[in-house]
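Trainee: Annotations per Swiss-Prot:
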- HIS64: active site, charge relay system (ACT_SITE)
- ASP109: active site, charge relay system (ACT_SITE)
- SER203: active site, charge relay system (ACT_SITE)
- CYS31-CYS162: disulfide bond (DISULFID)
- CYS49-CYS65: disulfide bond (DISULFID)
- CYS141-CYS209: disulfide bond (DISULFID)
- CYS173-CYS188: disulfide bond (DISULFID)
- CYS199-CYS224: disulfide bond (DISULFID)
- 25-248: domain 'Peptidase S1' (DOMAIN)
- ASN102: N-linked glycosylation site (CARBOHYD)
- ASN120: N-linked glycosylation site (CARBOHYD)
- ASN121: N-linked glycosylation site (CARBOHYD)
- 1-18: signal peptide (SIGNAL)
Amino acid sequence: MVLIRVLANLLILQLSYAQKSSELVVGGHPCNINEHRFLVLVYSDGIQCGGTLINKEWMLTAAHCDGKKMKLQFGLHSKNVPNKDKQTRVPKKKYFFPCSKNFTKWDKDIMLIRLNHPVNNSTHIAPLSLPSKPPSQDTVCNIMGWGTISPTKEIYPDVPHCANINIVDHAVCRAFYPGLLEKSKTLCAGILEGGKDTCQGDSGGPLICNGQIQGIVSVGGDPCAEPRVPALYTKVFDHLDWIKSIIAGNTAATCPL
């Protein structure tokens, strides 16, 4: 089964399409408190997602994490014992690619958010660089998030978990995900032997390769971390011109909400 990797409460989720959700980092380890200064915890209408700060006023997450009441937390490590420099924001504007929220499981699952107020860089807050080039096959990349750490049970950690996975040949994902186009704007990433994966609650978080955000957690298998079932990540490099154009003030090609 294919799952969008979000965490919902007992309310019925009203997304652009309805589908059972799933995604936290399985098979990882607690992240070091200083290795995720760009990581954002997103709460929206009962959904938990991740996100990535890309400059003091802008962040990226998945389009399917959208909701009416979004709360964005920066500089967070322990949810139970927040850092003193934690900052909370809400969206000023949300941008979808390209001028539509009608994304599919394989396409357009990206949202660019302008914050209501810029965040201040601090000990636990700093942006992550946008990609200078796309990652090649077999590149080792890092995943992280507060998602479930069990592939079959909802066990959510107090601190984000991290794991290393690899960029996988897109043909492997096309074999598992029916309808995935050869030129889809996605990255296929995981461990073919299984055991490490994003999972429920990790949606919208970053896939980091060589110190740059290369992917956004989008869709994965159910259960998570199964052998030969990599997850799909929205490919940030393929949306780079759009991202830079919006940040520069050219909103003609999209619709702010």
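Each residue, glycine too, has its Cβ placed from N, Cα and C.
What you see is a predicted model, and the numbers here were worked out from it, not measured in a lab.
A description of the local structural setting of each listed feature is requested, covering burial, neighbours and distances.
Mentor: Under the three-state DSSP scheme, HIS64 (active site, charge relay system) falls in the helix class. Within 10 Å of the Cβ of HIS64 (active site, charge relay system) there are 28 other Cβ atoms, across all protein chains.
A coil conformation is recorded for ASP109 (active site, charge relay system) in the three-state DSSP classification, outside any helix or strand.
Secondary structure at SER203 (active site, charge relay system), as computed by DSSP, is coil.
Of all Cβ atoms in the protein chains displayed, 21 besides its own lie within 10 Å of the Cβ of CYS31 (disulfide bond). Mapped onto three states, the DSSP output places CYS31 (disulfide bond) in coil.
Secondary structure at CYS141 (disulfide bond), taken from DSSP and collapsed to helix, strand or coil, is strand. CYS141 (disulfide bond) has a Cβ environment of 21 other Cβ atoms inside 10 Å.
Its Cβ placed at the centre, CYS173 (disulfide bond) has 23 other Cβ atoms within 10 Å. In the three-state DSSP reading, CYS173 (disulfide bond) counts as helix.
DSSP assigns CYS224 (disulfide bond) to coil in the three-state reduction, outside any helix or strand. Other Cβ atoms within 10 Å of the Cβ of CYS224 (disulfide bond) number 31 in total over all chains.
Note on ASN120 (N-linked glycosylation site): other Cβ atoms within 10 Å of its Cβ, all shown chains, come to 11.
When secondary structure is read from DSSP and collapsed to three states, ASN121 (N-linked glycosylation site) falls in the coil class.
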Trainee: Radius 10 Å, atoms counted are CB only; among the disulfide-bonded residues CYS65, CYS162, CYS199, CYS209, which position scores highest?
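Mentor: When each Cβ's neighbours within 10 Å are tallied, CYS199 leads.
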Trainee: Rounded to a whole angstrom, what is the C-alpha distance between CYS162 (disulfide bond) and CYS65 (disulfide bond)?
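Mentor: About 21 Å separate the Cα atoms of these two residues.
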Trainee: Return the residues near ASN121 (N-linked glycosylation site) by Cβ distance under 8 Å, restricted to its own chain and a separation of at least 6 in sequence.
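Mentor: Set apart from ASN121 (N-linked glycosylation site) by at least 6 residues yet with Cβ under 8 Å, we have LYS56, PRO127.
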Trainee: Can you give me the average pLDDT across the domain 'Peptidase S1' (25-248), rounded to a whole number?
Mentor: 94
Trainee: For CYS188 (disulfide bond), what is the tally of other C-beta atoms lying within 10 angstroms of its C-beta?
Mentor: 24
